[in-house]
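Going by Swiss-Prot, these are the annotated features:
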SIGNAL    1-23  signal peptide
LIPID     Cys24  N-palmitoyl cysteine
BINDING   Glu89, Glu90, Asp95, Thr125, Glu126  Ca(2+) 1 binding site
BINDING   Glu90, Glu126, Asp129, Asp131  Ca(2+) 2 binding site
BINDING   His140, Asp147, His182  Zn(2+) binding site
LIPID     Gly197  cholesterol glycine ester
SITE      Asp246  site 'Involved in cholesterol transfer'
Amino acid sequence: MRLSTAAALLTGFILAFSPAYDGCGPGRGYGKRRTPRKLTPLAYKQFSPNVAEKTLGASGRYEGKVTPSSERFKELTPNYNPDIIFKDEENTGADRMMTQRCKDKLNSLAISVMNLWPGVRLRVTEGWDEDGLHSEESLHYEGRAVDITTSDRDRNKYRMLARLAVEAGFDWVYYESKGHVHCSVKSEHSVAAKTGGCFPGRALVTMKDGSHRQIRDLQAGDLVLASEGSDGTGDLIYSEVLTFLDRRPITQKHFYVIRTEDGASVSLTAAHLLFMRVGNCSNRGEPKPGAVRTIFASDAQVGQCLLLGKLRKRFSQITHVGVREDQGLYPPLTAHGTVVVNDVLTSCYAAVNRQRLAHWAFAPLRLLYSWTGPDQVLKNGLHWYSQVLIGLGKLLLDSELFHPLALEATER
């Protein structure tokens with residue numbers, strides 16, 4: 001009965017209020033296919049995303065050269081896709097060796113190339129490098145990078161080829177030279193964790209009595225420190241924990257570790273939302289209206305100002321961004337849509353960088369719990385409501401609003 005009631009509430013809210021709907025149909029273009037999104041070719045020397053290749057927002061750090069005798073060589077797999085031509089100048093098959101993630105993206109790109117240019121195939125000129133011919137710390141040494149052209153070597157196609165590579169899911173694409181496009185991916189065991197947004201089980205929240213409790217020990221109905229405004233504004237208050245949007249006690253994942261100059265340190269997955277200061281860190285006092293924005297954890301950079309929430313709200317400059325493996329996945333949902341974790345004010349939401357939209361989307365669930373009380377039984381796994389919203393979001397929202405890893409997780 002509870003499930004059907006909440007489903008009805010969800011449907012009603014979406015049909016009544018969603019700006020993505022027009023008229024009586026289920027969205028823009030009801031009764032006909034959507035017009036395909038026009039692809040914009042990359043310019044010469046342009047790279048996407050617009051950050052350096054070996055930053056966490058792109059393909060991530062260099063992790064060391066992979067050689068045939070190294071333990072990590074087992075991470076590489078040969079690609080024998082007949083729709084891809086491998087130049088293989090060394091005649092060793094080295095260009096065919098790559099990580100599984102790189103292989104998946106390359107195979108996807110090969111299909112796009114044949115669809116756009118019938119009779120033309122994807123061509124790989126450089127893959128894994130075991131000879132040390134590339135620059136220091138090149139991702140070619142790890143099997144995480146490829147240099148590509150088209151089989152007809154028509155350089156007029158390379159700008160669009162770069163765009164197709166972006167669409168295929170490469171984590172960094174660079175129209176590097178007139179002769180090829182460079183593409184790379186995250187490492188297999190880096191932050192390519194296929195999850196939405198979560199905290200590790202040992203993350204600490206602040207209880208109403210001032211004590212700290214590990215997030216894995218939280219129960220529905222507990223009061224935890226949060227922000228009165230779902231957008232990070234307002235006073236610090238104690239908000240009721242309604243449920244967990246996901247709960248996986250024994251899962252091992254890689255988390256971003258973000259530290260500030262004040263000693264605060266929070267661990268969370270790539271797609272989780274954090275509150276940051278708009279602009280520079282010249283004023284690190286309490287946030288004023290319009291001074292707060294959200295970013296994905298994977299976009300956090302040293303020098304940015306993170307919003308803390310200990311005795312009062314204040315900004316603190318980020319001094320370190322790293323990656324660490326930890327156990328457990330726990331994203332709590334509070335009544336106010338925020339929660340202070342390890343003295344850092346964070347969102348309860350992830351996957352889509354629209355805090356107000358996310359808080360609005362969970363309004364039916366909060367309304368349900370206001371009638372029935374918080375979840376009495378906390379089950380492991382992804383909450384059914386989160387699954388519904390992800391499915392609806394993929395139908396209604398532009399894919400560019402999603403974090404790449406969160407969107408990828410829904411497609412598996």
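Note that Cβ sites are derived from N, Cα and C of the backbone, with glycine treated the same way.
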Seminar exercise, completed: Rounded Cα distance, in Å, between Thr125 (Ca(2+) 1 binding site) and His140 (Zn(2+) binding site) is 12
Exercise. Taking each of the binding-site residues Asp95, Glu126, Asp129, Asp131 in turn and counting other Cβ atoms within 10 Å of its Cβ, which one has the fewest?
Worked result: Asp131
Problem set entry | Residue with minimal Cβ packing [other Cβ atoms within 10 Å] among the recorded positions Glu89, Asp147, Asp246 | Glu89
Problem set entry | Sparsest-packed among the binding-site residues, when each Cβ's other Cβ atoms within 10 Å are tallied, from His140, His182 | His182
Seminar exercise, completed: According to DSSP, Glu89 (Ca(2+) 1 binding site) sits in coil
For this session: Provide, as an integer number of angstrom, the distance between the C-alpha atoms of Asp95 (Ca(2+) 1 binding site) and Asp129 (Ca(2+) 2 binding site).
Result: 7
Exercise. Using the Cβ centroid of His140, Asp147, His182 as the reference point for the Zn(2+) site, which residues of the same chain not in that list have Cβ within 8 Å?
Worked result: Thr125, Glu126, Gly127, His134, Ser138, Leu139, Ala145, Val146, Glu176, His180, Cys183, Ser184
Exercise. Taking just the CA atoms, what is the gap between Glu89 (Ca(2+) 1 binding site) and Asp246 (site 'Involved in cholesterol transfer') in Å?
Worked result: 48
For this session: Select the closest residue to Glu126 (Ca(2+) 1 binding site) from the following recorded positions, measuring between CA atoms: His140, Asp147, His182, Asp246.
Result: Asp147
For this session: Measure from the Cα of Asp129 (Ca(2+) 2 binding site) to the Cα of every one of the recorded positions His140, Asp147, His182, Asp246, then give the nearest.
Result: His140
Exercise. Thr125 (Ca(2+) 1 binding site) has how many other Cβ neighbours within 10 Å of its own Cβ?
Worked result: 18
Seminar exercise, completed: Smallest Cα-Cα separation from Asp131 (Ca(2+) 2 binding site) among the binding-site residues His140, Asp147, His182 is shown by His140
Exercise. In which DSSP state, out of helix, strand and coil, do we find Asp95 (Ca(2+) 1 binding site)?
Worked result: helix
